[in-house]
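To start, the structure itself, in structure tokens.
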């Protein structure tokens, strides 16, 4: 809202989420690992100059570089730290008072005889209060001394990062007798003097001493846990050190989840071309719309003044042409993409870190469950996994996944394991749905393939262009796209075995089972041969689609995590359709799927299996080990859910229209959340209304759902135009699309070259 530099917010304001998680105002703070800290500070010299509180900050900072550092140095002397592997020097210089000695030290850095440190962190005051027993004369002398030091610090700020740390409040009840004169009133007076004097001579200059005042806010919340009432507890010191690291390193390392102090990324060539395209689409649509309206006005019916009769219009209201529909769709899409860019690329709206609590995840789950049950209607058909039921299934799963993402519930392992089952269930539906279509219809035409590929990938391709992100970043779409092509290839390759063919000869069933066994063998081989998998997807141009951060490991990990579930979906579809063909199941309204005895036994087994999986997932201790078992066991809970949902006739005959509505736009919801509901590429939360978390979520959610629904309609409209049924026209469109992607690859290569 205020714009400006997010570094100022990081250094001056924020609040605690829970007990230990610090949330800066308006931006996100990255938690730096040791390796990242070393990469950022390589060949750097950092100096901490001040009293025992600055020494504490020095130790916390050095531990970010090397966690093995121990606080063993001389408490009232200089302490030197060096990391030779990265050529990093971090020094603590003992100057507990702002006096002539500190001034002389700082002056030596401005005269050129001594190399200037890259980062200077200074601050002192409590010793002056203590030694002079809190006298007013000491405060006056402090003002004089800091006035003499200020120009030197401002001069250093032209070439180095200079921070002045304001004094933290004390917990007066815990102070020893020798420190009783250090009161919060005195500390406030010293801080006020420092803030007023520093940068007073360079108010209009960009080179300023950065005032580190956020430490005061942190201390106000945590000083009660201090061991002596003066020094901060370790967790608070670590937070201050992490803030310092973010202030300096975010602009260098550019972490996705560290939006504080990061400049807005410059527009790429592809983004500029996309902006021009959408602008021209908007202008073109407005011109065509204006021309049509003028023509309609000229020819609309009017009354003949002489005869008093109404004349009929010479031309009827114009039908919407293909060009107008195309421009209208791109016009809306252009406005929506502008909103995407402003939310997650421009520094216009605020962003915050996620913070998980059980209530933030489970209470919204209860809300949507109540809403879903309230909107219950009868289904049009009562078949297993009918259209309304699968839309409902997608809908409630998508809503749970959205709540999981915004609440940061991935840190809670039992929830994570259950969400993995929901993702697997989506892929199960991919296997079930596409297998059923090809098996029943026997339609392996190009039109069907192009329609599916367009609907799956259109939004992601646009976002890759507008948001400057690789295709693999939106991992779920590449996953379902590749699995669709695998299903198509499995069934389309000679011999094409479909239901119609098996009606004449049952032996064809064994041919299909042989195909499925071959598919399972290939999946098994690739899942245990990372090298072979990476070779396949490292060939250009596949590598451009599936690489993330320079390699395809992330793609291999995502594919491997749910490698069997699509096969399970295909196998389930085959068995179900075979039973249906032989009328071995009853799908009448209100009828149980099997005989009462069989239905009851299967229901009991399903409920036990469902609960057993949940108990196992809830008892998981190690994410890596559970992920290894997940591909083989996730199908247990999926099949258990399908049987529980479909065996009782009365349950199969109803569905939730609330969940089904969301299910129809589930793909758009999943993709759009990356940038206009969450922020920083899902790492944080978008803040449209600061200070009101619940109201902010309501407003951003409403916009997010409306946008997803609109994009779904745009995709459907464009699919009819871009992918026509006429084969010759479709071939021409495919050539145009191939040309478009060739140009995109060319511009992408040019961008990569310019970046390097």
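Placement of Cβ uses the backbone N, Cα and C atoms for every residue, glycine included.
Remember, TrEMBL labels are computer predictions, not curated facts.
Here is what TrEMBL says about this protein:
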DOMAIN    22-92  domain 'NXPE C-terminal'
DOMAIN    253-734  domain 'Cas1p 10 TM acyl transferase'
TRANSMEM  269-291  transmembrane segment
TRANSMEM  355-375  transmembrane segment
TRANSMEM  396-417  transmembrane segment
TRANSMEM  452-468  transmembrane segment
TRANSMEM  474-494  transmembrane segment
TRANSMEM  506-526  transmembrane segment
TRANSMEM  561-579  transmembrane segment
TRANSMEM  600-617  transmembrane segment
TRANSMEM  629-647  transmembrane segment
TRANSMEM  659-679  transmembrane segment
TRANSMEM  685-709  transmembrane segment
TRANSMEM  730-750  transmembrane segment
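Contact counts against the transmembrane segment (269-291), taken as Cβ pairs under 8 Å, peak for 730-750 among the stretches 561-579, 629-647, 730-750. By the Cβ criterion (under 8 Å, sequence separation of 6 or more), the transmembrane segment (659-679) is in contact with the transmembrane segment (685-709), since 3+ such pairs are found. Counting same-chain residues at least six beyond the ends of the transmembrane segment (600-617), those with a Cβ under 8 angstroms from any Cβ of the stretch are 414, 417-418, 421, 594, 626, 633, 636-637, 639-641, 643-644, 647-648. Ranked by Cβ pairs under 8 Å to the transmembrane segment (506-526), the stretches 452-468, 561-579, 629-647 are led by 561-579. Sequence-distant contacts of the transmembrane segment (355-375) (same chain, at least 6 residues past either end, Cβ-Cβ under 8 Å): 17-18, 21, 23, 396, 399-400, 403-404, 407-409, 411-412, 415, 656-659.
Averaged across the domain 'NXPE C-terminal' (22-92), pLDDT in this predicted model comes to 93. For the transmembrane segment (452-468), same-chain residues at least 6 beyond its ends with a Cβ under 8 Å from one of its own Cβ atoms are 265, 268, 270-271, 274, 333, 337, 340-341, 344-345, 434, 474, 477, 480-481, 484, 667-668, 671-672, 674-675, 711, 715-716, 718-719, 722-723, 744. Taking H, G and I as helix, E and B as strand and the rest as coil, DSSP gives the domain 'NXPE C-terminal' (22-92) the counts 22 helix, 19 strand, 30 coil.
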